[in-house]
Amino acid sequence: MLEEILFQLELGLPQIVLGLVNGAFYALLSLGLAVIFGMLNVINFAHGAQFMMGAFVAWMLLNWVGIGYWPALVLSPLIVGAFGVLIEKTMISRLYKLDHLYGLLLTFGLALIIEGIFRNEFGSSGLPYSPPAALGGPPVDLGFMFLPKYRLWVVVAALAMSLATWLVIEKTRLGAYLRAATENAALVQAFGVNVPRMVTLTYAAGVALAAFAGVLAAPIYSVNPQMGSSLIIVVFAVVVIGGMGSILGSVLTGFGLGLVEGLTKVFYPEASSTVIFVIMAIVLLARPAGLFGRA
Amino acid sequence: MASGHASTAPALLVPEAPGLLGLSGLGFNRAQSIAFLVMLGVLLVGPFLLYPVFLMKLLCFALFACAFNLLIGYVGLLSFGHAMFFGMGGYVAAHAAKVWGLTPELAILAGGVVGAGLGVVAGWVAIRRQGIYFAMITLALAQMVYFFCLQAPFTGGEDGIQRVPRGALFGAIDLSSDLTLYWVVAAVFLAGFLFINRIVHSPFGQVLKAIRENEPRATSLGYRTDDYKLVAFTLSATLAGIAGGTKALLFGIATLTDVYWAMSGEVVLMTLVGGLGTVFGPVVGAAVIVTMQNYLAEFGAWVTVIQGVIFVACVLAFRAGVVGELGRILKVRL
């Protein structure tokens, strides 16, 4: 019995490592959602659409302007982040005094608009985007399996970005203002901090994180208008499981659930698309506030 | 959406203006009685002026939206996963009519029963969190049901269940004529509509509104709010299942479209356009959206964009919806 499981695990190792790659995207996206929610109290339903925009902007930069992957990794989040500033300034900022559900409805509408426009322009079939030359080449030999360099890079980049976000929020002066404003915005404003501008920039940063994930995803998944919408629903489940209380919690939950999904693909492939939702239900029954949440 | 409804709360304490023609017995005030009579008139004359299949589709969605509104309007719970009940109700009704050979009324009932069962389970999980989390949880659960339908053998996967017979009502009245079917669908809609109205005006409904306005207070008064929410959720899911079952019989097909998250979004949109928490809002909203889809079908993916624009416009500038705004202008509750 045990030998059989070990044998299956060995065969399934690539799947499990791929699960880690998916987990990298869950982590980055739930991190962005948590950053936005912490400051704005808005669940950004357009997060999936902004992830997709990040991938498309990278594709456009390459095919229309001739700008390659590495500059796009910086430019695309900046461009999509600027779009986020526009959205926050013109629409979301009008809703802060209302019930939080209106923010969800507004961003859902925005997601429909963005996705619809891209579907009209680019169709539903995916566009190819090849990984940069430096990360192409032969797969890395990890001893127990061969891993394409690019996928390894995705995991590393996601971890580095998560760490950077954590450092900014926990260890810098700006992060201290942010955390203070999350607790009591009025008081922080009274101390002379421009809270509305901080809120706008927080939204832009969260959106930029989604776009960054989108650029990372472009060479793995084909670039298509629907790439964000199904992913974002899984990320919502991830957020419910982890709770939005802590950054490290979001990252751990994201990677962990990616792994679990990978394992499920090995042992019971039929359930691989639903396992995260099942876990969500179990966590809700056992610990409604989420694994890392504060009730 | 407590803030959106704060203005309606004091009205609970003020005696209503007397109704018309004994319709106050249904819990309607004067304006609602008039609106109800207008709706009845449209239901009676409609099939002779408009294409009955279009009207039937509209009525199925209107019932779906009313069921959804029971939650958001009267309990303050935003479910972003109602497609799971609508779609599963459709699948089960189609399966019951086609494979088990049940008569249409039993097939629709089977859709309702499945909606109820699914509602108990999903509600039991989802009511553990409130507000935004509740919306995300219901959305995730609905996505799980979607994947189940994609893989389960009886749903026919991407093909769906096709060529579902309409059958004969009670085994006696053949429903292949659109007009005959119309009266059945109209009766189902009306029964569901009045049932919801009855719930809302019952003592149970008053407790639901109390929970919407101030849940901790309702708890402190001794109500088990979770039980009330679960019952309301299940009732809403049941009616959504009935609406889905009716739609499946009407078109003779049950597909993945009806369990997809976009359908959950559509019913939110209908209710928002019509007016959250109004009696007639969901019906008007369903009429607006279904009509729009009918006329804009040729624009393909632009329909999604237009729906998104309506969403954004409603949230930013038109939060009371068509019926809510009308009520404000006429100074009545509709």
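A Cβ is built for glycine as well, from the same backbone N, Cα and C atoms used for every other residue.
The transmembrane segment annotation in TrEMBL covers B:31-51 (among others).
Residues or ranges marked as transmembrane segment in TrEMBL: B:58-86 (among others).
According to TrEMBL, the feature transmembrane segment maps to B:106-125 (among others).
Under 8 Å from some Cβ of the transmembrane segment (B:132-154) lie the Cβ atoms of residues 77-84, 87-88, 91, 95, 99, 118, 122, 125-126, 161, 256, 259-261, 264, all in the same chain and six or more residues away from its ends. Feature annotation from TrEMBL assigns transmembrane segment to B:132-154 (among others).
For B:180-200 (among others), the entry in TrEMBL reads transmembrane segment. Remote same-chain residues near the transmembrane segment (B:180-200) are listed as 26-28, 43, 47, 52, 55-56, 59-60, 62-63, 66-67, 69-70, 74, 104, 108, 166, 169, 173-174, 208, 232, 235, 239, 242-243, 246, 250, 279, 283 (criterion: CB distance under 8 Å, separation of at least six residues from the stretch ends).
The transmembrane segment annotation in TrEMBL covers B:230-255 (among others). For the transmembrane segment (B:230-255), the list of distant contacts is 53, 56-57, 60-61, 63-64, 66-68, 70-71, 74-75, 77, 79, 82, 85-95, 97, 104, 107-116, 118-120, 122-124, 126-127, 155, 160-167, 175, 181, 185, 188, 192, 195-196, 199, 204, 208: same-chain residues at least six beyond its ends, Cβ to Cβ under 8 Å.
Taken from TrEMBL, the feature transmembrane segment applies to B:267-292 (among others).
Per TrEMBL, transmembrane segment is recorded for B:299-318 (among others).
Sequence-distant neighbours of the transmembrane segment (B:58-86) (same chain, 6+ residues past either end, Cβ-Cβ under 8 Å): 1-2, 5, 115, 118-119, 122, 126-127, 130-131, 134-143, 145-146, 185-186, 188-189, 192-193, 196, 199-200, 205, 208-209, 211-212, 228-229, 232-233, 235-244, 246-247, 250, 258-265, 267-268, 270-271, 274, 276-278, 281-283, 285-287, 289-291.
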